[in-house]
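Copied from Swiss-Prot, the annotated features are:
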type: BINDING; residues: SER109, LEU110, LEU111, PRO112; note: (6S)-5,6,7,8-tetrahydrofolate binding site
Amino acid sequence: MSRVIFMGTPDFSTKVLEMLIAEEDVIAVVTQPDRPVGRKRVMTPPPVKEVALENGIEVYQPEKISQSDDLQTLIDMEPDLIVTAAFGQILPKSLLDAPKLGAINVHASLLPKYRGGAPIHQAIIDGEKETGVTIMYMAPKLDAGDIISQQAIEIEANDNVESMHDKLSFLGADLLKKTLPEIINGTNDRIAQDDDKATFASNISREDERIDWTQSAEQVYNHIRGLSPWPVAYTKLDDTNMKLYAARIEEGKKGNPGEILETTKKAIIVGTGSDDAIALTEIQLSGKKRMPTANFLSGYQEDLVGKELK
């Protein structure tokens, strides 16, 4: 069994870690520090930390690994392999050079497309029909290392970030499991990326979350599902933020962008920049719980038709 240091943070990483624990000797786990979560700001450990502790594996949580005392500790462990999956930090060269089999990353896109921290979100927002997972050697430049293996998966019309996240986390763990024997034996492929074909998926900003109603209905729909259920697209009703969790396209209903054209028992119909509208079917107003739009409409007293979402 190979001695592996694993680095990752969110739920996406846990499936890869669980596979490595079953197949190899995971000698340490590195993850982000515990963070405050929710309205009450409760300090919460990363999902990867919980898996590691359940399996008796030592955990390191440097704020920035390149400036941490943990860096030399990890190098001194003399790992055979470093594996990362959604770790969230670029590793210093001294750490990349430490393992004799190299440092590899499980990335949730078909590189060189969608380098960066939000590849699942961006692929859906862009209306891509497929995405996938890449196993790659790590390099000092973000997501630019040589490709070892890739596997594609379809993005279906009703997929959102949550559903694709789940599919890709299982796919990533499975592809790495298939690829590991070749990496350990030194028989794996090593294909340089074409930097000219690289696209980028930067972390989602607050401004990225806001809906632009002048876009087409298809673009708005992709934007909503590409941010659902996190970090969530939003718009404004009067002066109140409205988060948008689910929607569908209403073909052949044209109106001014952002104008509420009608309400049904289950949806708010909103005009876009194309000849089709968007039906909002699951929402959350500021200070309220997430709910089906039907529940919101049953208790809302004002007439929404004619109001403008901004």
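Positions of Cβ are set from backbone N, Cα and C atoms, glycine also.
Bear in mind that the values here come from a model prediction, so they are computed numbers and not experimental data.
Overlay of Swiss-Prot annotations on the structure.
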residue	record	contacts (Cβ under 8 Å, 6+ apart)
SER109	(6S)-5,6,7,8-tetrahydrofolate binding site	ARG115, PRO119, ILE120, ALA123, THR131, GLY132, VAL133, THR134, ALA201
LEU110	(6S)-5,6,7,8-tetrahydrofolate binding site	GLU130, THR131, GLY132, VAL133, THR134, GLN150, ALA152
LEU111	(6S)-5,6,7,8-tetrahydrofolate binding site	THR134, MET136, ASP143, ILE147, GLN150, GLN193, ALA198
PRO112	(6S)-5,6,7,8-tetrahydrofolate binding site	ASP143, ALA144, GLN193, ASP194, ASP195, LYS197, ALA198, THR199
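In sequence order, HIS107, LYS113, TYR114, ARG115, PRO119, GLY132, THR134, ASP143, GLN150, GLN193 are the same-chain residues whose CB sits within 8 A of the CB centroid of SER109, LEU110, LEU111, PRO112, the residues recorded for (6S)-5,6,7,8-tetrahydrofolate being left out. Secondary structure from DSSP puts LEU111 ((6S)-5,6,7,8-tetrahydrofolate binding site) in coil.
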